[in-house]
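**Q** Questions regarding the structure given below will be posed in turn.
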Amino acid sequence: MEAKRPEQTRVVVGMSGGVDSSVTALLLKEQGYDVIGIFMKNWDDTDENGVCTATEDYQDVVQVCNQLGIAYYAVNFEKEYWDKVFTYFLEEYKAGRTPNPDVMCNKEIKFKAFLNHALTLGADYVATGHYAQVKNVDGQYQLIRGKDPNKDQTYFLNALSQQQLSRVMFPLGHLEKKEVRAIAERAGLATAKKKDSTGICFIGKRDFKEFLSSYLPAQPGEMQTLDGEVKGTHDGLMYYTLGQRQGLGIGGSGEPWFVIGKNLEKNILYVGQGFHHPGLYSEGLRAIKVNWILRRESDEPFECTAKFRYRQPDQKVTVYPQSDGAVEVLFAEPQRAITPGQAVVFYDGDVCLGGGTIDHVLKKKEDRESA
């Protein structure tokens, strides 16, 4: 297919009211594209004491779009967000895991519901302020790390498909954050000095425990060591994540205590003393709901690197594809506090191969289900 010239190419930009998406729209406009800005409203904050900044954020989008001279709309994706992201978030916590809503939001909202809406506006592409790059190599789309190692967001984009990537532009992928700020300031954008948002959008500044308890009933239970010694009571397994140190309330002298495991059936929270407690370490993991961005030609084991949390340095691993579509991953070095529910994301150099959801850890390499 012959590539269209920029002025004949419509790009719909997902605008959050932040500096990254503002500069994304600016760069595309400067390159001559036909740009439309869309503000996604994903969460109903009317009953949440006005903690969410949606109204303020939309005003910033309006200001920036007026500065750039581009059309803008607000689109409501609250139902899709509730059904696809928030329900998943609660189900995972109920199952004792610690989910990553950003991965699901990118897969189901930003690059599905939003992309589909953009196509109805005649979009050729959608663009966002993510720090990542997409490269077309012989008709196959590769997801490549952003230039700024501190901001690279391929970890959160690991669930995207070829079809989604074929319609995506990431104009900030080759820039560092400080360059993006400088571009915004030079252009006098209304959002140039706005702070980056952090945390989970639907929780805002509220206390996480309080927020979760308003949706899921808490079941307090015993806090025990692996030997069965009771060290206190927990407020509900869903409030704790592996490796957590804060909020355990275990007194006494010596090294601090950490969460090292959960028993859902017996409602027991396992704790261990010391940062390097053996219960915190594992030699492998099993991941489910695996997405390969580039189709794998074989089910043979292969070596690559992986991240088990955002901003973690790459770790060497061997991946063993399973017949059910899951993978077992063995680590070159034991890993600390691997958390079920989080994403494991695979890399070959700077190319993101895909990822999956951590189902459980393998304490010993011999725990592998396949020979």
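Every residue, even glycine, has its Cβ placed from backbone N, Cα and C.
Just lifted these from Swiss-Prot, have a look:
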- Cys105: active site, nucleophile (ACT_SITE)
- Cys201: active site, cysteine persulfide intermediate (ACT_SITE)
- Gly14, Met15, Ser16, Gly17, Gly18, Val19, Asp20, Ser21, Met40, Gly129: ATP binding site (BINDING)
- Cys105-Cys201: disulfide bond (DISULFID)
- His130: site 'Interaction with tRNA' (SITE)
- Gln342: site 'Interaction with tRNA' (SITE)
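Situate these features within the shown structure.
**A** The Cβ of Cys105 (active site, nucleophile) lies under 8 Å from the Cβ of Asn42, Tyr81, Val85, each on the same chain and at least six residues away in sequence.
Taken residue by residue with DSSP, Cys201 (active site, cysteine persulfide intermediate) is part of neither helix nor strand, so it is coil.
DSSP assigns Asp20 (ATP binding site) to a helix in the three-state reduction. Cβ environment of Asp20 (ATP binding site): Gly129, His130, Tyr131, Leu172, Val180, Asp196 lie under 8 Å away, each six or more residues apart in the same chain.
Mapped onto three states, the DSSP output places His130 (site 'Interaction with tRNA') in coil.
In the three-state DSSP assignment, the secondary structure recorded for Gln342 (site 'Interaction with tRNA') is coil.
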**Q** Taking the Cβ of Gly14 (ATP binding site) as reference, which residues of that chain separated by at least 6 in sequence fall under 8 Å from it?
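**A** Listed in sequence order: Ser21, Ile38, Met40, Lys110, Phe114, Val126, Ala127, Thr128, Gly129.
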**Q** What is the total of other Cβ atoms whose distance to the Cβ of Gly18 (ATP binding site) is within 10 Å?
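**A** Neighbour count, Cβ to Cβ under the 10 Å cut-off: 20.
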**Q** Would you kindly give the Cα-Cα distance separating Gln342 (site 'Interaction with tRNA') and Ser16 (ATP binding site), rounded to the nearest Å?
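**A** On Cα coordinates alone, these residues lie 25 Å apart.
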**Q** Which is it, of Met40, Cys201: the one of these recorded positions whose Cβ has the most other Cβ atoms within 10 Å?
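**A** Sorting the candidates by Cβ neighbours within 10 Å, the top entry is Met40.
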